[in-house]
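What TrEMBL says about this protein:
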- 138-200: region 'Disordered' (REGION)
- 150-160: compositional bias 'Basic and acidic residues' (COMPBIAS)
- 237-321: domain 'HNH nuclease' (DOMAIN)
- 378-430: region 'Disordered' (REGION)
- 379-404: compositional bias 'Polar residues' (COMPBIAS)
């Protein structure tokens with residue numbers, strides 16, 4: 001199945017309610033509200049704006065007052081005769097956000113609201129914004145900036161940090177000389193939900209923390225158990241109600257798939273505690289990562305969806321509210337709008353924290369379509385804009401004052417500097433090493449058990465520099481006490497346990 005990429009421009013094109021700021025109204029955000037729907041209120045809009053944006057207020061107290069005094073002033077006059085409030089503030093923010101049917105196919109009738117800071121006044125309700133500004137009861141707010149949420153990750157991205165995104169899923173090597181084919185581990189159950197290669201669950205694509213030992217057999221078992229658990233709690237799509245089989249066994253029909261609410265490639269973002277932004281460096285805690293990974297593959301993080309709805313769910317085009325369980329379409333796609341506002345078909349075993357995470361990610365993905373986050377380099381400390389401390393190579397910089405001839409081409413034809421006094425042995429040893437440049441590479445096929453030796457020149461290999469002893473310490477090192485080599489991970493585990501204790505204490 002080909003997956004069409006949903007761009008930020010496509011998400012913005014689905015807005016039928018937009019929000020503006022400044023003296024010259026500047027559109028910075030928007031949303032889609034199905035015509036006649038009461039799913040999104042102005043209070044919800046404020047909560048979602050706080051989730052996505054920040055205003056450069058004078059101080060924190062002023063920032064809180066800004067959100068409390070935020071008002072919506074209508075700046076467009078739609079062609080319809082529907083009653084649309086011109087100024088929404090105070091208790092009126094509990095009203096549903098109005099929306100209008102399209103003027104024509106793919107031409108939304110957009111309602112525009114100007115965000116201002118407003119205090120209670122005695123002006124008539126239908127007074128235009130200009131009069132409120134002249135009366136000094138309203139003032140413009142500064143242009144917002146995109147808020148960086150540590151939970152956010154592009155839906156198609158996989159974390160590049162090896163502590164998060166280790167893929168240790170390889171076949172176990174058989175002893176040399178074994179002629180018997182590998183035996184597949186027997187499963188205690190069938191996997192009725194698996195739908196061929198389009199199921200989206202492939203053992204080879206599973207990622208796990210670097211501290212966990214997960215091979216292909218374990219990965220397949222975990223995935224089968226996840227599919228089976230989703231089929232135990234439901235037998236039809238959580239959105240459409242379709243997919244119930246016409247036979248007794250299997251009870252799950254074709255094209256019905258087990259779907260992760262928090263994607264398995266984002267397992268490290270799973271909301272284990274109530275406050276994911278709590279103080280304490282727990283990001284690299286092996287205990288937290290293992291618990292997050294286990295919860296990602298738990299039944300509470302799974303629902304059944306038809307294959308096309310599974311794809312739209314993963315692309316954050318619709319979500320399920322964690323409290324009301326109502327379905328919200330974030331774009332005017334007719335596949336989704338017919339289910340907008342309906343209650344999802346799911347049992348209470350589904351983790352509301354996982355639903356909240358997906359809901360928040362959908363809000364960020366769609367409301368901030370005009371302000372996508374710039375991808376910052378994650379490897380090393382240098383950026384393309386960092387000043388370079390290296391000088392350009394000149395013909396005389398390679399070997400003193402002698403240019404290096406034959407730089408490109410056969411390395412054997414490269415000129416070597418003549419050894420100085422006292423360096424004869426080192427030069428001879430180097431020549432011996434150059435003549436024995438052999439490395440052993442692991443064959444990429446799963447059907448091959450033994451590594452295939454290949455001759456390869458050393459200068460063609462990528463050499464990984466080791467910057468600190470922490471990078472080469474063995475994973476099985478004792479972690480019962482702190483050492484210079486495990487201090488970061490050890491303290492991360494300590495902070496994680498303290499955070500869990502604090503979370504349990506606040507709930508009791």
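In case you wondered, yes, glycine gets a Cβ from its N, Cα and C as well.
In TrEMBL, annotation is done automatically, which means it is predicted and not curated.
Packing against the compositional bias 'Basic and acidic residues' (150-160) from elsewhere in the chain are residues 207, 263, 265-266, 268-269, 271, 276-277, 314-316, 357, 360-361, 364-365, 373, 378-379: each is 6 or more residues past its ends and has a CB under 8 Å from a CB in it. Sorting the domain 'HNH nuclease' (237-321) by DSSP state (H, G, I as helix; E, B as strand; all else coil) yields 28 helix, 15 strand, 42 coil.
With helix defined as DSSP H, G or I and strand as E or B, the compositional bias 'Basic and acidic residues' (150-160) counts 0 helix, 0 strand, 11 coil. The average pLDDT computed over the domain 'HNH nuclease' (237-321) stands at 88.
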